[in-house]
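Copied over from Swiss-Prot, here are the features:
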{"type": "BINDING", "residues": "48, 54", "note": "NADP(+) binding site"}
{"type": "BINDING", "residues": "125, 126, 127, 238, 239, 278, 293, 294, 295, 296, 297, 319", "note": "FMN binding site"}
């Protein structure tokens with residue numbers, strides 16, 4: 001199966017299935033001399049980990065990461081870093097009843113059409129369980145970006161259903177189970193999740209990811225534009241159906257006089273572009289938003305077909321998230337960090353000697 005890798009200079013390749021023995025990834029391109037421990041990676045893995053609150057799937061995976069290679073005495077050696085997480089709480093029997101039935105809204109039907117075979121246990125390779133390795137690799141990138149360049153990558157839940165959360169307080173994000181930055185909406189989010197669990201249904205969400213202190217100049221012309229690569233990375237996250245950079249689709253309602261980010265001697269006057277102009281970072285905060293669909297793994301009966309093409313009605317049993325947007329927050333951070341680290345290394349390789357007389361804010 002192709003398509004298991006992302007990045008050029010900083011390259012991440014993942015492997016493993018939801019109910020397989022383990023998940024793993026190979027991280028190439030990490031410069032030598034970076035202090036990295038398993039504990040550094042575990043912080044973000046614990047934020048994504050299932051079974052940590054009543055609002056997410058009750059599959060209880062410790063997601064303990066092991067560093068297999070590329071780190072010696074707590075420091076990267078410049079060689080490939082191998083990471084592994086063992087699966088310990090698989091309940092494959094939950095899926096035996098659907099091995100010959102295609103769950104509506106899932107990848108069952110398309111995987112079967114493409115490969116002629118599929119791992120029906122929790123979706124196999126198409127499961128969001130795969131993203132644990134992205135988060136582990138992204139933690140390496142986040143640490144490098146922050147320690148080396150002062151770049152901070154953060155994300156939060158800014159919408160669940162029709163509940164809109166204002167980006168008011170980054171510190172609050174880590175203090176509630178929704179990763180919400182808006183304290184005034186916590187009770188509404190709790191009530192909605194209780195309602196969904198009682199109904200056996202799910203809801204969509206919006207996650208906002210912001211990278212601050214990104215230097216100007218990252219990104220390549222035309223096909224490797226920074227915003228194109230960010231959109232590609234974020235769109236590859238399970239359940240993501242839309243990506244916006246900056247004001248995104250909101251620019252449709254703006255005039256050119258409103259949308260352009262004017263420049264003064266003190267810097268930009270606005271950031272409608274989301275920190276990227278012409279596919280290259282402008283030094284403003286990079287802002288992206290992702291829309292995540294409501295999971296199709298719900299207790300509400302739905303129509304589908306079996307292998308024989310016969311119409312059947314099914315209920316998806318198992319342990320699932322009423323809102324996948326909650327655990328998508330650390331995943332979005334990881335994918336943004338992976339892209340930024342890749343482009344920083346590419347910029348250093350090609351343009352390290354470039355000196356500009358333009359001001360940098």
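Any Cβ shown, glycine's included, is placed from N, Cα and C.
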Give me the CA-CA distance between residue 295 (FMN binding site) and residue 48 (NADP(+) binding site), in Å, as a whole number. 17
Site of maximum Cβ density within 10 Å, from binding-site residues 48, 54, 125, 293: 48
To the nearest whole angstrom, state the Cα distance for the pair residue 297 (FMN binding site) and residue 48 (NADP(+) binding site). 19
Other C-beta atoms that fall within 10 angstroms of the C-beta of residue 297 (FMN binding site): 21
Quick note, residue 48 (NADP(+) binding site) and residue 127 (FMN binding site): C-alpha atoms separated, nearest Å, by 14
I'd like to know which of these binding-site residues, 127, 295, is least surrounded, judged by other CB atoms within 10 A. 127
Between residue 54 (NADP(+) binding site) and residue 293 (FMN binding site), how far is it from one CA atom to the other, in Å? 20
Number of Cβ atoms other than its own within 10 Å, given for residue 239 (FMN binding site): 21
